[in-house]
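Peer 1: Quick one: this structure, given as structure tokens, is what I'll be asking you about.
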Amino acid sequence: MAFPAPSSSSPRRRGRGLAYLLVSVLLLASRVPGAAGADSEFEDGVSPKFPGCDNPFQKVKVTYWVDGDERSSLTGITARFGEVLPATGSDGDKRKAVVPAPKTGCAKSSAPLASSIAVAERGECTFLEKAKTAESGGAAALLLINDEDDLQKMVCTQNDTVPNIGIPVVMVSQSAGRKILSGMDGGAKVDILMYAPEKPSFDGAIPFLWLMAVGSVACASVWSFVVVGDEDKNAPTLGGEEAADSEIVELQTKTALVFIVTASLVLLFLFFFKSTWSAWLLVVLFCLSGLQGLHYVASTLIVRTCDRCREAKVALPVLGNVTVVTLVILPLALIFVVVWAVHQNSPFAWVGQDLMGICMMILVLQVVHLPNIKVATALLVSAFMYDIFWVFISPFIFKKSVMITVARGSDEGPSLPMVLKMPKEFDTWNGYDMIGFGDILFPGLLVAFSFRYDRANGKDLTDGYFLCLMIGYAFGLSCTYVGLYLMKSGQPALLYLVPSTLGTIVTLGAKRGELSQLWNAKV
């Protein structure tokens, strides 16, 4: 059966005021590797290897104790050289932490290092020289503190002799190193345990994350038809009745250029000015847009099931006539958002983050529309090129992947919240699998367009485009996770999702002789 065509009369559109700006900022700032997770290795296939200097880069769990009090675990990376760390650790493997003198560890230490873990700072000499000095001083391991909030891969050069280092060599970020050093203030005893847990062969979080992403796209695409309904285009808003007259944001071809420039500037800002306050700014923006999303989704669901709730209104100063539903839902949504913001580092905070994120994306896909595949092609191809450049090409310019560095964040301040995430229950790291909002929203705009196009042209699931694009999105996302598994690193999902969605509708349109109509449509 064909989808009912929308009414020929122009429906009143839902206004969102400030939410448009907030959603746009999140859309531009939500660029993280599409499928990301905490892998046990950092292999990239590029860093040089030489005989005796060919260890895999492994992710290291660095746990430390201050006067017997266990602190949070930190993350490090092993060197190409040195002894390989065990996959498990026990209290018997703990070693006392000692800062060598000099603190860079480039010369024989005046502080005794025997059977300890030397905690040295980066600089003044090579990684290999530091390792040789620490080993000659009797250290059981070397823990290097980087001079920036990132992890540097420690390699050998062609001019280096075969290192033959017999102790583990690990690096931690500057912020992680500061935590260890601060624990040693005042003469406190600090013990360190380092080991490299292996990644489990099965990641049970990925199927659930896949379902959330695919379900979000499907739900948001059909929301206005299934939940809101043609008879009720005026869902409750944060403002009064006049707010409902605002038009839906219809993207144009020039949006692609605006996206490339603005998103790149935002990404570079976060890369060069990576700080606690900038992370908190993004958290605040996420909370505001999440509040809008929660209110919108809850309000439309209530109004859909309760006809009388739609009509109950009260007059408020400035806001005008506001529905009773809004007066009830908005405070509850605000409490939910505030509780999440306060407890965002708790083990179950991901539930609230995912709920706010899904509601926000449903709202975005009701507010922002693609009118045809001409605009879709410009936007998605630009986003595709954006992902490729900032993940794979930027290391040749900035010495590291800008997007991955921003997505990884730092050990200080909150993590970037613009992702759907799911805990990896079977992983020793207790990390998360993630997918960025942009990798749901950009293809979602095209999928939502296909649903509106099918309705406008009286097509059903068998001869329309919506079902095919949903299958294409699901297939592309599956390929993303296959790439994650094979390459052992975060994947730019749009690399797979743009061909599987845009390529699908272009191919089908050409085969059916409807490509010109799709290209110039206005739905």
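Even glycines carry a Cβ here, placed using N, Cα and C.
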Peer 1: Does the record from Swiss-Prot show ILE248 and ALA521 on the same side of the membrane?
Peer 2: yes
Peer 1: Which of the three DSSP-derived classes (helix, strand, coil) applies to ASN159 (N-linked glycosylation site)?
Peer 2: coil
Peer 1: For ASP439 (active site), just count the other CB atoms lying within 10 A of its CB, please.
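Peer 2: There are 31 such Cβ atoms around ASP439 (active site).
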Peer 1: May I ask for the distance between ASP387 (active site) and ASN159 (N-linked glycosylation site), taken between their Cα atoms and rounded to an integer number of Å?
Peer 2: 36
Peer 1: Do me a favour and check the Cα-Cα span between ASP439 (active site) and ASN159 (N-linked glycosylation site); whole Å is fine.
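Peer 2: So the Cα of ASN159 (N-linked glycosylation site) lies 44 Å away from that of ASP439 (active site).
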Peer 1: Tell me, how many other CB atoms lie within 10 A of the CB of ASN159 (N-linked glycosylation site), whichever protein chain they belong to?
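Peer 2: Excluding its own Cβ, ASN159 (N-linked glycosylation site) sees 5 Cβ atoms within 10 Å.
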Peer 1: Tell me the residue counts in helix, strand and coil for the domain 'PA' (110-182), as DSSP assigns them.
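Peer 2: Split into helix, strand and coil, the domain 'PA' (110-182) gives 19 helix, 14 strand, 40 coil.
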